[in-house]
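Data first, discussion second: the structure below is written as structure tokens.
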Ligand SMILES: Nc1nc(=O)c2c([nH]1)NC[C@@H]1CN(c3ccc(C(=O)N[C@@H](CCC(=O)O)C(=O)O)cc3)C=[N+]21
């Protein structure tokens, strides 16, 4: 049976680190604030939001929630971001993505003030990830995967990592972050030929497609480490990952569960980024 790479100890470690930093900010009269911007009622957004609310409450981070109707226009969404830009009590902003409808998403992302961009959505923040430059913040989900790998001591140097999924939220940025750590990265997607055999050849597989239980035992081999980034709801409304966990767990070396895996750490990384943005705002 695979080792289960649980999010909980990583979440607890981050909470411990943040506790004292939030305390120091409070001594300077700064209450760390985080703005959430959600458009519509997508179940995976709501799942993220539920955990974020829980984490913020337990850490003492102030949340400001803005919810727009599905069908909100480009102008309405940009106006909401403008409101967050001008709210001095919000040190960082998370906008749930992808945006519904035919919105120019990158234009929306680029209206957020750089210093509040704690999910690395602006062109400049993403460019920095691709250029190995330390500027701004990396996308929280990609950063959460890296934290998981480091916490559990999974070696990256020279390792062959297959990433399945090429989104700007996770697939593309994590490929660059892994490269920076000297992994050999293969970036796969829905049109990849011989996907299963490519996945089987990897040391580490990162699944980020958003398709419920899409990857079964034929895609994996003994000893592999599997990060399941998917947050999906099956036909019965149950939360599940991109990997068919029950069928794959007996085969591989280590695997993250859903729930209780990468997603749970993502929300903690979001809090860590908000605290860092608050610190930067007062020059710490
Ligand atoms: N800009 C952006 N970045 C994202 O990374 C992003 C996004 N938008 N939109 C929505 C999806 C989904 N997502 C989740 C993250 C954590 C949990 C999470 O905390 N899940 C808990 C369970 C929560 C529950 O029980 O519902 C867990 O997996 O243990 C869920 C979903 C990030 N996404």
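Just so you know, glycine gets a Cβ as well, placed from its N, Cα and C.
The domain 'Tetrahydrofolate dehydrogenase/cyclohydrolase catalytic' annotation in TrEMBL covers 5-119. The domain 'Tetrahydrofolate dehydrogenase/cyclohydrolase NAD(P)-binding' feature in TrEMBL is assigned to 139-281. TrEMBL lists 165, 166, 167, 231 with the feature NADP(+) binding site.
Residues 231, taken from the binding-site residues 165, 166, 167, 231, are distinguished by a CB atom under 6 angstroms from ligand 1.
Within the same chain, residues at least six positions away from residue 165 (NADP(+) binding site) with a Cβ under 8 Å of its Cβ are 171, 188, 189, 206, 207, 208, 209, 210, 229.
Helix, strand and coil residue tallies for the domain 'Tetrahydrofolate dehydrogenase/cyclohydrolase NAD(P)-binding' (139-281), in that order: 55 helix, 26 strand, 62 coil [DSSP]. Residues listed for NADP(+), 165, 166, 167, 231, cover a largest CA to CA span of 16 Å. Under DSSP, the residues of the domain 'Tetrahydrofolate dehydrogenase/cyclohydrolase catalytic' (5-119) split into helix, strand and coil as follows: 58 helix, 18 strand, 39 coil. This prediction places the mean pLDDT of the domain 'Tetrahydrofolate dehydrogenase/cyclohydrolase catalytic' (5-119) at 97. Neighbour density around each Cβ, counted as other Cβ atoms within 10 Å, peaks among the binding-site residues 166, 167, 231 at 231.
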